[in-house]
Number of protein chains: 2
Amino acid sequence: MDEPTKQIVIPAGFRFAGVHCGLKRNPNKEDISLIVCDSPATAAGVYTTNKVFAAPVRWDRARTPSDKIRAVITNSGNANACTGPQGEKDCAEMAAIVAEQIGAAADEVLVMSTGIIGVHLPMEKIRHGIAAAAGQTGVEAPAFLEAARGILTTDNGIKIASRTAEIDGRTFKISGMCKGAGMIAPNMATMLGIVLTDAPLSTEQTQTLLRDVAEETFNCIRVDGHMSTNDTLLMLASGAEGGAPLTDSQVAQLRHELKAACEEMAKLIPADGEGATHLIKVDVEGCATREDAKKIAIEVADSPLVKTAITGGDPNWGRIVSAVGYAGVTFDPLKLELRLNDILLYQTGTPVKFDAKTVSHSIKGSFETHVQLTLFEGDASARIWASDLTVEYVKFNADYST
Amino acid sequence: MDEPTKQIVIPAGFRFAGVHCGLKRNPNKEDISLIVCDSPATAAGVYTTNKVFAAPVRWDRARTPSDKIRAVITNSGNANACTGPQGEKDCAEMAAIVAEQIGAAADEVLVMSTGIIGVHLPMEKIRHGIAAAAGQTGVEAPAFLEAARGILTTDNGIKIASRTAEIDGRTFKISGMCKGAGMIAPNMATMLGIVLTDAPLSTEQTQTLLRDVAEETFNCIRVDGHMSTNDTLLMLASGAEGGAPLTDSQVAQLRHELKAACEEMAKLIPADGEGATHLIKVDVEGCATREDAKKIAIEVADSPLVKTAITGGDPNWGRIVSAVGYAGVTFDPLKLELRLNDILLYQTGTPVKFDAKTVSHSIKGSFETHVQLTLFEGDASARIWASDLTVEYVKFNADYST
């Protein structure tokens, strides 16, 4: 596991602001987040595959990839989802207000929303909020942190990561922010994320980088398996580092640090999952294809019986092995091996003698639990990070009332 | 909803016994269940599709459909799953002991097991148990009830149903028993079921009837979405009613009552789901195919956010609509309609005004909650019954320790 970010680095070419405009009840909590690019940035997006998706997802999807993005505006507290034609209109107006404030076109502004579903945006508050944010953007860490707080809903704290890539004597900065505590929290929707760099990247490079890195990071986290209507991950490259466009080999090096930053952020989401007491790392190895490995890892990570076993510190290998069996993947059960926190529990179709107390203590003694499955069917692998399932999750989601 | 069975009818040609042999700690709880057929019965089976399956599943799968089944032996308290070659040997021995006791061949005996995974059967206890059961079989209700208790694990009570089919002046009896409270309960596996009739059916008729009826009943229930290693549903037709073989049209009439009996039993499983406070009936209508409808119903029924909303009596339509959206089915979100307990909540892509208190009271005031989704994409439909998700479910599965 990588060390958490010790220091925030701010990629050149971006300005930040976060303000409170009244979407959240607590006046000390930012609910508008604005990121402005000094010059047109290349931008890419990956979005929820939910057939029921929010207005801002439709807006951004139609405008990415792009080489002329000037801003990203995010509101928290209201998802602008299931809001019909009025929702589309409100989303377009959010972009238009930002555009007017910064001297750009509405088409050059991306929008994200997260919060309650099925309620129209209070546009009067949002108009004031955007104007206030546009008037106070900054390039230092405090402004970045305001913007990172402005996208949160039920999160317990900001989720950010930074990396620096030294490539052929040049220095590229990468920083990102994300949010999410349930795939859908109580009537609050969404995983949102933005990753920024000052590297000069083409539109195609930006889109390919984001798609590849998202598949291995943000697409590998599970809280409750319930896909949101608003999930959005954006990447903006300002090019403000100032040098020549990156070669393919330089992009590959940048990708390494980009993935590290996204992985660090992505893991923060299930770690902060509603009621979570464990972060479960599921590694599935030796599969015929990565798709097979991911299917198995997801079934294990989503099983409420596996999740509750880990909550209870119970090395209940039968629940894990049986979840592997119903993932829809062909494999030889007699070759399957299972390790939990590096201790062998299952091999050759039969249980292995192990000290249950030692395994139980290793689960109870650490926030992270490592489930390792090996199938010996090929070379492909996948890793999923997930929350466990606790009484607090159920209370949080059952006791809440709309 | 059908009325529960008022009276047990015992199909002719079968004898029953249930005894305690020491697999369960409580000496008052039967853990061996025996059903003997006076003459060879036609028999069919449907089984778990889990790649990791127990020894008795392998045994029965190889021996059904059949026209010569003489007995079904079931033990509860031990699943004989993940037990390797010794498990296969123990399963074969169970069949052989029964065969010896009743004067049949081992191949004419089907076997079911349910309980702890990965522990070898205590065969000495089982040998004594089978001998005792074989020595005390009866044809009346008390013997049937002993056998129905002998297959239970964490169930709160027996799960049985009976029907009588009057067809062309003849009377056919149908009775069944099943068990299950979690797809896998704490280290206890499985849904098991047996349905019996005295109708004279061919092997093919028996297999087709069971496969079709299972698809619409036992395959439409969800507790926690975790598929067991031992799921087995058997059907035996003794032919002891004594008349001529049934025509296709007579089989269709029998099917109606058979389905009613299986539906009544199947619903008892999620209704008795671990910690369940609601039975959720999810109806999805107006789909292009039944497969589409079932996919959507399963995603809604499996979503922990939908389950917990119903636990809390919260008419949180956003959670239901968003679960429809990620089922992998193509549809127009603007046409989707949602009713909860017959009250319209969502239509034309926007929320409908409704009295949240009325809906909440209707959820809280009844054990059964009805979720009705209409897609207007075609004529196919599906119905799923599911448990809600409660604090008690999590406690039960997290606090248990192997």
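The backbone N, Cα and C atoms fix where each Cβ goes, and this holds for glycine too.
Because the structure is a prediction, the values reported are computed rather than measured.
As recorded in TrEMBL, the features of this protein are as follows:
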BINDING   B:Thr153, B:Lys179, B:Thr190, B:Glu274, B:Asn397, B:Thr402  substrate binding site
ACT_SITE  B:Thr190  active site, nucleophile
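Shown are the binding-site residues B:Thr153, B:Asn397; of these, the residue with the fewest other Cβ atoms within 10 Å is B:Thr153. Listed binding-site residues (B:Thr153, B:Glu274, B:Asn397) with a CB under 8 Å from any chain A CB: B:Asn397.
In the three-state DSSP scheme, B:Lys179 (substrate binding site) falls into the strand class. All protein chains included, B:Lys179 (substrate binding site) registers 29 other Cβ atoms within 10 Å of its own Cβ. Its own atom aside, the Cβ of B:Glu274 (substrate binding site) has 24 Cβ atoms within 10 angstroms in the protein chains shown.
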